[in-house]
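To keep things clear, I will list the structure first and then write my remarks on it.
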Amino acid sequence: DAKTTQPNSMESNEEEPVHLPCNHSTISGADYIYWYRQLPSAGPEYVIHGTTSNVNNRMASLTIAEDKKSSTLILHRATLRDAAVYYCILRDHSGTDGAAPVQYLPDCGREDI
């Protein structure tokens, strides 16, 4: 079965790019890499997907390694509205998925004391 692994959480400053990595070393040739996000008190929302090449849309970019064993979701100018749990999911034509979440928590200009 295809599995994905991601860090538990990521932080950044507002208006800076956020790179959310996903490892999927067991990916098969037919698998597509999908990213979803889940905002607080909401259902999952599609972000982007790809299979062999880099993809861009208005929300994000998806960079896929040449061997397809890893990928990175890039939020170009993340804001507080982007704080969510992000899911990297492998999907093939048989309908089986392997998923792991990463929670993105923006650093709201807070200084640690």
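A Cβ is built for glycine as well, from the same backbone N, Cα and C atoms used for every other residue.
TrEMBL does not curate its annotations; it predicts them automatically.
Annotated compositional bias 'Polar residues' per TrEMBL: 1-11, in sequence order.
For the domain 'Ig-like' (1-103), the DSSP counts in helix, strand and coil order read 3 helix, 53 strand, 47 coil. Per TrEMBL, the feature domain 'Ig-like' maps to 1-103.
The region 'Disordered' annotation in TrEMBL covers 1-21.
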Exercise. Mean pLDDT, the domain 'Ig-like' (1-103)?
Worked result: 84
